[in-house]
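Here is the structure we will look at.
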Amino acid sequence: MTIHVEGLVAIAVFYLLILVVGIWAAWKNKHSGEAEGTDRSETIMVGGRDIGLFVGGFTMTATWVGGGYINGTAEYVYLPDYGLAWAQAPFGYALSLVVGGLFFAKPMRSRGYVTMLDPFQQLYGKRMGGLLFIPALMGEIFWSAAILSALGATLSVIVDINIKMSVVISALIAIFYTLVGGLYSVAYTDVVQLFCIFVGLWISVPFALTNPAVSDITVTAVKQVYQSPWRGTIHRGNTWVWIDNFCLLMLGGIPWQVYFQRVLSASSATYAQVLSFIAAFGCLVMAVPSVLIGAIGASTDWNQTSYGAIPPKDKDEADMILPIVLQHLCPPFVSFFGLGAVSAAVMSSADSSILSASSMFARNIYQLAFRQSASDREIVWVMRITIFVFGGLATLMALVTGTVYGLWYLSSDLVYVIIFPQLLSVLFVKGTNTYGSVAAYLFGLVLRIGGGEPYLGLPPFIYYPGWTTEKRIHHLTGETEDIVIQKFPFKTISMLASFLGNVAFSYLAKYLFESGKISHKYDILDAVVSKHSGEIMDKTTLVTRGNNIGLSEMAPVKPRLSVTLAAAFTRRDTLPTETVEEEEESSPDSPHHDEE
């Protein structure tokens, strides 16, 4: 096996750069938030809520611009049956950030939440918050695993080293600086990540375009030369599938902790909106070199290159088209610079998801569901342990699971059909409760799983209108298998059914209990009658001046509960002054502060 020394040096330099920046960011901000009295755990999760426009814009853009984004965009542009028309990620995720900025960033940031699951636990209770944590966790872990898996394959193309070794080294570096610095390290390494991608790819593109083996991409966009035009087409029979996938990217890209972690770290609600809009523009800009590289791959006579006569698509290596183009169509020094930069950037993408998953677990599962009296130091240690555990889990999946992308697709679908309608309900629909939330969860889960998942070999048990079967030959075993293809937009229909189910069952439960048709003692979830119970968290703690939450729909809460949970949910300085004073007076064991 040949070891490319130049490639190893390039990767080592970029990895060292990422690691140094991560450690520097942790050291620079190690005392951040202490002067204002902010908990250390909250500082790790949301960076002390003082992320500025420059770093915030980069880290928000890096929410989606990572290894999967740049490699996937190039792959779809290159594939003959898809092309640019099916490379939906750039526009889908850009619109996702626009929609998130317009409708979701401001209410989430202005109410002082720390994680995406806070509003669910606030309204639906800790058990429902735990259920919603499952698809959110799956999405983050499988995303990290998919990134690491792609990274291992990319590194093997560059330097012919063992894939497993490269995955483990990359994961350890990402886990280390995330452990040390939390969101600050993640945010600052994101700046380096995007810079590496932008410079590394744009340096490589001119050399690849001018390679003698590459035809004019403006010609191959509309005419068949080596394969069908890379512009791509959407056939009439696939229109609904295209729409379904686009809605999944646009709306399903919102309910992710990795996005809201950036929103909630902004210094104000307005800043959170602005960062979303900046990131939307950044997503489009960062996709341009990937589109060009995919077009170059579709315009290349591979027989004239060192790759060989058989094109990547015929070797089932279309997902590796970006590193293949950089290696075989560019001079060695350019190739190693571009691939090294991209590899370091891809590695830096895994840290965000690992941090997001550990933040949700430490706060919403450990602290708010099991140990509300946990100290700040205890929460910090739980976060550190779970960063290591979730990082290790993602690494293990990347090493042993051949269907990691199938798991990622399925989990992202579940985030879309389960969490997004719940987020809509909890933020914008008054009167929804835990009964509606449970019904919505089940509707979304059954309708989505029922449609099957070809990537995982999961057969459907619900055959939606227009379904067909296709014969596919397994590239490893050579066996032919029949795959059920759902032409119906069942993912979006599942999401809508979940949303409507939440509203309908919430109001039905509310009517049945309040009208006396069902005895109050059967309100087992304490969601309609027993609003004062400890199961439903105190809603007054998150209400700040200017919020339009319907207080008339909130039942009175016990003063003692308000005192114990106020610190857990928000900084005291964000509460109205009179609320803080009332809480202190109502607490039998709170000390009297004469200076106040």
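The chain as shown is numbered from 1 upward.
Any Cβ shown, glycine's included, is placed from N, Cα and C.
Annotations in TrEMBL come from automatic prediction, not curation.
Computed from a predicted structure; not experimentally measured.
Marked as region 'Disordered' by TrEMBL: 572-596.
Among the features that TrEMBL reports, transmembrane segment is placed at 7-27 (among others).
Away from its own ends, the transmembrane segment (85-105) comes close to residues 60, 63-64, 69, 72-73, 76-77, 79, 231-234, 242, 245-246, 248-254, 259-260, 263, 266, 269, 272-277, 279-281, 283-284, 287, 291, 294, 423, 427-428 of its chain (Cβ-Cβ under 8 Å, at least six residues beyond either end). Annotated transmembrane segment per TrEMBL: 85-105 (among others), in sequence order.
The transmembrane segment annotation in TrEMBL covers 131-159 (among others). Under 8 Å from some Cβ of the transmembrane segment (131-159) lie the Cβ atoms of residues 3-4, 7-8, 10-11, 66-68, 71, 116-117, 120, 166-167, 170-171, 255-258, 319-320, 322-324, 327, 336, 339-340, 342-343, 346-347, 349-350, 353-354, 356-357, 360-361, 364-365, 390-391, 393-395, 397-398, 401, 404-405, 407-408, 411-412, 414-415, 418-419, 422, 438, 441, all in the same chain and six or more residues away from its ends.
The transmembrane segment annotation in TrEMBL covers 165-184 (among others).
For 191-209 (among others), the entry in TrEMBL reads transmembrane segment.
The transmembrane segment annotation in TrEMBL covers 239-259 (among others). Counting same-chain residues at least six beyond the ends of the transmembrane segment (239-259), those with a Cβ under 8 angstroms from any Cβ of the stretch are 60, 63-64, 85-86, 88-89, 91-93, 95-97, 99-100, 104, 115-117, 136, 139-140, 143, 352-353, 356-357, 359-360, 412-413, 415-416, 419-420, 422-423, 466, 486-492, 495.
The transmembrane segment annotation in TrEMBL covers 271-296 (among others). Outside the transmembrane segment (271-296), and at least 6 residues removed from its termini, the chain residues within Cβ reach (under 8 Å) are 53, 56-58, 60-61, 63-65, 69-71, 73-78, 84, 87, 89-91, 93-95, 97-98, 100-102, 105-106, 108-109, 194, 197-198, 201-202, 204-205, 208-209, 214, 217, 220-221, 230, 262-264, 321-322, 325-326, 329.
Annotation comment: TrEMBL describes 333-358 (among others) as transmembrane segment.
Within the chain carrying the transmembrane segment (379-400), a Cβ under 8 angstroms from the stretch's Cβ atoms is held by residues 39-41, 44-45, 137, 140-142, 144-146, 148-149, 152, 164, 167-168, 171, 174-175, 178-179, 182, 350, 353-355, 357-359, 361-363, 366-367, 407, all 6 or more beyond its ends. Residues or ranges marked as transmembrane segment in TrEMBL: 379-400 (among others).
The transmembrane segment feature in TrEMBL is assigned to 406-428 (among others).
Per TrEMBL, transmembrane segment is recorded for 435-451 (among others).
Per TrEMBL, transmembrane segment is recorded for 493-513 (among others).
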Given the transmembrane segment (435-451), its same-chain partners at Cβ distance under 8 Å and 6+ residues beyond its ends are 120, 124, 128, 131-132, 413-414, 417-418, 421-422, 425, 458, 460-462, 464, 486, 490-491, 493-495, 497-499, 501-509, 525, 527-528
